[in-house]
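As written in Swiss-Prot, here are the features:
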| type | residues | note |
| --- | --- | --- |
| TOPO_DOM | 1-147 | topological domain 'Cytoplasmic' |
| MOD_RES | Met1 | N-acetylmethionine |
| REGION | 20-31 | region 'Interaction with calmodulin' |
| TRANSMEM | 148-168 | transmembrane segment |
| TOPO_DOM | 169-186 | topological domain 'Lumenal' |
| TRANSMEM | 187-207 | transmembrane segment |
| TOPO_DOM | 208-336 | topological domain 'Cytoplasmic' |
| TRANSMEM | 337-356 | transmembrane segment |
| TOPO_DOM | 357-393 | topological domain 'Lumenal' |
| TRANSMEM | 394-411 | transmembrane segment |
| TOPO_DOM | 412-802 | topological domain 'Cytoplasmic' |
| ACT_SITE | Asp449 | active site, 4-aspartylphosphate intermediate |
| BINDING | Asp747, Asp751 | Mg(2+) binding site |
| TRANSMEM | 803-821 | transmembrane segment |
| TOPO_DOM | 822-832 | topological domain 'Lumenal' |
| TRANSMEM | 833-853 | transmembrane segment |
| TOPO_DOM | 854-873 | topological domain 'Cytoplasmic' |
| TRANSMEM | 874-896 | transmembrane segment |
| TOPO_DOM | 897-905 | topological domain 'Lumenal' |
| TRANSMEM | 906-926 | transmembrane segment |
| TOPO_DOM | 927-944 | topological domain 'Cytoplasmic' |
| TRANSMEM | 945-966 | transmembrane segment |
| TOPO_DOM | 967-976 | topological domain 'Lumenal' |
| TRANSMEM | 977-998 | transmembrane segment |
| TOPO_DOM | 999-1002 | topological domain 'Cytoplasmic' |
Amino acid sequence: MRRNVSDHAEKKDKVGVEVLLELPKTLSKSNKKWQLALIKLYCSRTLLNCAKHAIRKPGLFPRSLSYTAIDLDHHHGDDHFKIDTETLNDLVKNKNQEKLESLGGPNGLVSALKSNTRLGINEEGDEIQRRRSTFGSNTYTRQPSKGLFHFVVEAFKDLTILILLGCATLSLGFGIKEHGLKEGWYDGGSIFVAVFLVVAVSAVSNFRQNRQFDKLSKVSSNIKIDVVRNGRRQEISIFDIVVGDIVCLNIGDQVPADGVFVEGHLLHVDESSMTGESDHVEVSLTGNTFLFSGTKIADGFGKMAVTSVGMNTAWGQMMSHISRDTNEQTPLQSRLDKLTSSIGKVGLLVAFLVLLVLLIRYFTGTTKDESGNREYNGKTTKSDEIVNAVVKMVAAAVTIIVVAIPEGLPLAVTLTLAYSMKRMMKDNAMVRKLSACETMGSATVICTDKTGTLTLNQMKVTDFWFGLESGKASSVSQRVVELFHQGVAMNTTGSVFKAKAGTEYEFSGSPTEKAILSWAVEELEMGMEKVIEEHDVVHVEGFNSEKKRSGVLMKKKGVNTENNVVHWKGAAEKILAMCSTFCDGSGVVREMKEDDKIQFEKIIQSMAAKSLRCIAFAYSEDNEDNKKLKEEKLSLLGIIGIKDPCRPGVKKAVEDCQFAGVNIKMITGDNIFTARAIAVECGILTPEDEMNSEAVLEGEKFRNYTQEERLEKVERIKVMARSSPFDKLLMVKCLKELGHVVAVTGDGTNDAPALKEADIGLSMGIQGTEVAKESSDIVILDDNFASVATVLKWGRCVYNNIQKFIQFQLTVNVAALVINFVAAVSAGDVPLTAVQLLWVNLIMDTLGALALATEKPTNDLMKKKPIGRVAPLITNIMWRNLLAQAFYQISVLLVLQFRGRSIFNVTEKVKNTLIFNTFVLCQVFNEFNARSLEKKNVFKGLHKNRLFIGIIVVTVVLQVVMVEFLKRFADTERLNLGQWGVCIAIAAASWPIGWLVKSVPVPERHFFSYLKWKKRS
């Protein structure tokens, strides 16, 4: 039956071809070309169909040792890789070990992905793009950021805004009913316009800051990953990872995608971000081989083959349902919220009293209209007029609340933080937590690492000793050189790459590893690939920051376990303590006598005194095939000295911090002699400190002190050598207990506890692990201590800018409240209308905040003492300045309120316009005074802040428009040049007053102590 069907299909195809071949004879020339194309297409399909039927016929092809059957009906895009996306996704998500084995294990999977465990992906052509198209990119779909409309809605949730809108609606309705649409819409419409303007400015400002924080969030998630491509180890963005990539993993790294383990030693993974379990999971070729995106490497090192990226990973699917929280509230914002609430309560009380007084005066008939007639005449007054009058009073009272509540304070903090974060990125500091910006300004102690932070991290081997002799490799026996080759090539996490003959070598790994590899290749003529190919690794003990060493148990390929060799590498004095013999230059193993040991110690000390990092190599034959590496009775191969020069400018940065009252402490893993030499070179240790025996000590000694001894000595310690991450944590805790605000730098995974414990954690962007970065508040992108000093300056600038704005806004709040209250009680009316007060509110909250929040840091900030943990937010200096200016403004404006008409011989409306205009101009001139809390010269550096100048110009222009051209909207009257001159003169008087007031000394004891720094939780 099957044969008949097949024959029938063949006959049918044959007939179809014959018919098509006859068709061109009956067609016109214009259609023949199209018909021929159709024939070609039909023939192609027919031939393929015939081939398919032929292949299916049993017995047609005799079985051979190797044959391939092609199913043309089931072609997929990822057949090029011999495995489909669904299979790959299922592999890791479900830890499908059975499926992995069916693919031939990790090596078979890598082959199916057209990759290589040693060489990685071949990048030639469009291979990377093909993988991205087939398997997807390593990016996550996140919840969309908040749009502008969201912030508009948030602004309208403000109760005072809603009350004002209600008042505006009633005022609009009664105005139109009483005066008609043409004349009656002004009062209510003006309030509507003013409210919508305030809402629009607030929403746009918050929207822009949110976008800014989103951008910074994206930058912080763009981490660098080590991969192998074309046999070359290189660093790429996590977003550029593709399926098939061979990723190199070390302690502290984040796993960038889902994948399988292909090689490595003692790899332990922290999967708590995925499973919630705190226990580390071991990953190996014989057990669990699966690695999840988003997890962290807790110990060991290795390589993984990427199987799924982006949204195909379990982490990606989880992240797609999580929205970024950009509403993080800093400690300062919390304090300002409390301040705003306290002032708001005062404003509410004043507004209630004003409303009460206005209502009493209205209903007792003491208020009069513009014609001099009583506004309320008992039963003869229409109900509409009464309601309209009451609505105006309520609007005035509510507007007083709007002005009284310093809502601009949180906005000022947001603006300052957003501006500072953007500028700090240019200064090589990426802020991860907003609170760090302001807290850094209070820092009293900075605990810094040495390597890469104070030094260039450009290491080079400058000294080497073979036995007790210093010399060149050419004078050393071949046996010693071979042992060095083994000890360097097999006991490293770095790699060597050379693309083709004639090109330079490329070294990867930590700076120390690269220096050692470079020395071994160039001086000892080590062929790393050859050494690796000739030997097998039996067991590895990775570098330990406590023991300061790493080791490997290895053997030659094809040789029994009796020829195992242990190689150790690490801190010279630590390795020396493990040795009982040493190799001399000729390769003879000699017993290490006490005199020899003393001589080696002197060699180490002499190199350390030259600021060299001393690394020793030792070995021993080990016939036992066990996992515990031999740690005693080793033979010392040699000692090398690695030079890591101080960074240019680091001494100046240290001096700047010390001049600013910030104590610098260096915490390093180097020996005490190297640490002392570097500290002197960097300016951390002064000649006086060198005479102090307590200024420099080792971590073990500090660790062994009692808690009372540590607290008593910690402030005098300048350098801690041979320290562990636990020692750093101990020091941070002690300093915090003494009341210090502590900043700590760190780059390793083990630094995470100290970074979290510190008030400000500063991780290194180049050498720092992902664990360290995630535990920190700020990432120093260039690993430079000078950038740490810059962060300190920016921290002080943030705090200083916010204090400037607080002083400026509270001056306005006090003046506006007093003027309206006194006028309402005495005259039964408020000189500043709802629209005018909303305009003042706009000037203060947005334009004023923008002008004062974007001041750049000055060197004067580094001449002050640290703010500390208990400093009040509003200082005595600020109280002096704001009360003096507020008193002046209140005095002048009350004179205008009660004597303005007689002094200037003007109408009531012109008098009120004079009050409004003078009040606004006073704030403009007072913004200059607010630029400096202490300095008399408020114009210094003004030309550098174009934004400030621009805002002042815009404010003045808009004020002129409000007074001269929007008189119906703003309820003002036009002023002549003389009246403008009077307003400007009164406002300008705030400059000399500010100059004089700053000459008045203030007591050191604070007027108020309820606004204090609290410890960061």
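Using the three backbone atoms N, Cα and C, a Cβ is placed for every residue, glycine included.
With Cβ pairs under 8 Å as the measure, the transmembrane segment (833-853) is packed most heavily against 187-207, out of 187-207, 337-356, 803-821, 977-998. Asp751 (Mg(2+) binding site): 29 other CB atoms within 10 A of its CB, across all protein chains. Across 148-168, 187-207, 874-896, 945-966, the stretch most heavily in contact with the transmembrane segment (977-998), judged by Cβ pairs under 8 Å, is 874-896. Counting only same-chain residues 6+ beyond the ends of the topological domain 'Lumenal' (897-905), those with a CB under 8 A from a CB of the stretch are 819, 822-823, 826-827, 831, 911, 914-915, 979, 982. In terms of DSSP helix, strand and coil, the topological domain 'Lumenal' (897-905) has 8 helix, 0 strand, 1 coil. With a cut-off of 8 Å between Cβ atoms, the residues of this chain six or more beyond the transmembrane segment (187-207) that come close are 146-148, 151-152, 154-156, 161, 164-165, 167-175, 392, 395, 411, 414-415, 834-835, 838-839, 841-842, 845-846, 850, 968-971. In the shown protein chains, 25 other C-beta atoms lie within 10 A of the C-beta of Asp747 (Mg(2+) binding site). Summarising model confidence by region, the topological domain 'Lumenal' (967-976) averages a pLDDT of 86. Taking a C-beta cut-off of under 8 angstroms and a sequence separation of 6 or more, Asp449 (active site, 4-aspartylphosphate intermediate) has the following same-chain neighbours: Met666, Ile667, Thr668, Thr745, Gly746, Asp747, Met764.
Under the three-state DSSP scheme, Asp751 (Mg(2+) binding site) falls in the helix class.
Residues of the same chain lying 6 or more positions beyond the ends of the topological domain 'Cytoplasmic' (854-873) and with a Cβ under 8 Å from any Cβ of it are 332, 335-336, 339, 415-416, 419, 423, 441-444, 656-657, 659-662, 739-741, 792-794, 796-797, 799-801, 803-804, 806, 931, 935, 941, 944-945, 947-948, 1006, 1008-1015. Within its own chain, the topological domain 'Cytoplasmic' (999-1002) has Cβ neighbours under 8 Å at 876-877, 879-880, 936, counting only residues six or more beyond its boundaries. Below 8 angstroms of C-beta separation, residues 186-187, 189-190, 193, 833, 835-836, 839, 907, 909-910, 912-914, 916-917, 983 of the same chain, each at least six residues beyond the ends of the topological domain 'Lumenal' (967-976), sit close to that stretch. Within its own chain, the topological domain 'Cytoplasmic' (927-944) has Cβ neighbours under 8 Å at 800, 803-805, 807-808, 848, 851-852, 855-856, 858, 860, 875, 877-878, 881, 885, 952, 990-991, 994-995, 998-999, counting only residues six or more beyond its boundaries.
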